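Some notes on the structure that comes next.
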Amino acid sequence: MFAVPANTVAVAENPALRHPVRVALAHAADRASWAHLLRYDPERRFAVLVSRTEAGEVWLMSWLPGQGTGLHDHGRVDGAFTVVSGELSELVVRRTTEGRVRESRRVLAAGQSRVFGPGYVHEVRNDGVDPAVSLHVYRAGGRTLRPYALDPLDGPVPR
Ligand SMILES: [Fe+2]
């Protein structure tokens with residue numbers, strides 16, 4: 001236990017410094033702020049802007065089975081995404097310092113999050129049988145997608 005001095009003033013939190021997973025989870029919990037925006041598009045993955053502030057952007061996405069992003073990065077933007085319902089598969093590709101190409105795959109269930117930043121090349125897909133919904137936070141710079149191709153020798157290369 002410790003005593004807080006009586007003259008202590010709580011400093012307001014700077015939203016720009018809030019961890020992007022915290023932002024994504026807070027939006028996920030506030031379903032009323034985005035439920036009316038949710039659509040499922042059989043032609044392409046659905047994405048809609050939920051909010052834009054100086055701290056960044058929040059996007060809502062829905063994924064029907066088989067829909068995905070293709071390999072991409074987010075330029076100089078960092079952020080995070082959280083699965084709200086369903087399951088998403090993520091493939092991360094990188095070159096090691098020895099020049100080898102490394103791929104890692106994971107399945108993300110509802111409530112799980114991933115963080116991304118500059119140099120993070122990944123592909124997200126719905127490989128499940130049910131639709132999936134996710135919330136994505138892009139900090140300063142906003143939503144940016146740069147497509148990549150996967151070269152077996154050189155690894156991820158910008159297209
Ligand atoms: Fe991404």
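Keep in mind that glycine also has a Cβ here, set from the backbone N, Cα and C atoms.
The candidate list His19, His122 contains one residue that TrEMBL assigns to the Fe cation site with His72, His74, namely His122.
In the three-state DSSP assignment, the secondary structure recorded for His74 (Fe cation binding site) is coil. Those residues of the chain, other than His72, His74, His122, with a C-beta within 8 angstroms of the mean position of the Fe cation site C-beta atoms are Thr69, Leu71, Asp73, Phe116, Tyr120, Val121, Glu123, Leu145, Arg146, Tyr148. Counting other CB atoms no more than 10 Å from each candidate's CB, the binding-site residues His72, His74, His122 peak at His74.
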